[in-house]
Amino acid sequence: MDAIHLGMSSAPLVKHTNGVGLKAHRPRVMSKSGHSNVRIDKVDGIYLLYLQDLWTTVIDMKWRYKLTLFAATFVMTWFLFGVVYYAIAFIHGDLQLGESNSNHTPCIMKVDSLTGAFLFSLESQTTIGYGVRSITEECPHAIFLLVAQLVITTLIEIFITGTFLAKIARPKKRAETIKFSHCAVISKQNGKLCLVIQVANMRKSLLIQCQLSGKLLQTHVTKEGERILLNQATVKFHVDSSSESPFLILPMTFYHVLDETSPLRDLTPQNLKEKEFELVVLLNATVESTSAVCQSRTSYIPEEIYWGFEFVPVVSLSKNGKYVADFSQFEQIRKSPDCTFYCADSEKQKLEEQYRQEDQRERELRSLLLQQSNV
């Protein structure tokens, strides 16, 4: 049976038809790579909130902004303390050029200009110690300033080192090595109609305590007539009988049964592409090497769900008895050999669709009557 390859660039995100009938689909809440598309706007004091949680703010910065900020911080501390050293030398009379006084002891040796004060600040903070410029016992406030500079800059260096290590050690990069199938399929598994996705761990190091869950996001109208733009419904996935903590050592398929309790129970081959929803899939796991908790995310819209297809097997057994995961087959799907579930009687499907439409009209009528009674 021929397989269809659905790569990241070739898989259709939105199918268009020529002529009349074009429909604008709702924007994605989450991208395929797991990044949020929600824009936070018009928050009072948002910059103050970021400053109050400075640790998280700095860690979340992009590397180019982080490096620029830290380089500017070091240069500013060198310059600011250098200006203060220069002011101390000026007040003490160490900058009076042309007057030689053997009895005059400067606060800082060899600091007779702003450049010299800047170099002394840099050498003191970085503990270079060339030996030309040094502080004397003449000015206690200069000694106090030197101690304050070393304490403050040490705290800054600790903060910088901590944020660098925390950003490097974040499990975010580990989550990027978890691969989701670009599309989802609906097929029969053990006699039940299921929504199926594939997940793979791209590293040899294992992920422990894996938990995969889903959230269905769609517009919902309550009985009171309130319209919820993003109503969340839980979508449960399982792998065979290991629904609690699957062993993700090989690429695995996760199933969601489309039964009476499923929020996707109304899907049919006819209305699948007409639906407006987004299925967000989340995989939470613990990294074996660091014990850090990571989360990998993706989302599926109706145009990325294929009815009557199944995934091409990825895992095979080599000649020398080893399991082999062929990722060239990971994005390939093929027509399911069991066509009974999508070749059902058309009259039955029309009748079911008619019942659903009548039920929807009754709910809208009840909500309208309730609104009129409240008025």
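Including glycine, each Cβ sits where the backbone N, Cα and C put it.
Per Swiss-Prot, these features apply:
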- 1-60: topological domain 'Cytoplasmic' (TOPO_DOM)
- 61-87: transmembrane segment (TRANSMEM)
- 88-113: topological domain 'Extracellular' (TOPO_DOM)
- 114-130: intramembrane segment (INTRAMEM)
- 127-132: motif 'Selectivity filter' (MOTIF)
- 131-139: topological domain 'Extracellular' (TOPO_DOM)
- 140-165: transmembrane segment (TRANSMEM)
- 166-375: topological domain 'Cytoplasmic' (TOPO_DOM)
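Under 8 Å from some Cβ of the motif 'Selectivity filter' (127-132) lie the Cβ atoms of residues 109-110, all in the same chain and six or more residues away from its ends.
Sequence-remote contacts of a segment are chain residues at least 6 beyond its ends whose Cβ falls under 8 Å from one of its Cβ atoms, and for the transmembrane segment (61-87) they are 108, 111, 113-114, 117-122, 125, 142, 145, 149, 152-153, 156, 160, 163-164, 167. Residues 55, 58-59, 66, 70, 73-74, 77, 81, 84-85, 88, 107-108, 121, 124-125 of the same chain, all 6+ positions outside the transmembrane segment (140-165), place their C-beta atoms under 8 angstroms from a C-beta of that stretch.
Note: the motif 'Selectivity filter' (127-132) comprises 0 helix, 0 strand, 6 coil (DSSP; helix = H, G, I, strand = E, B).
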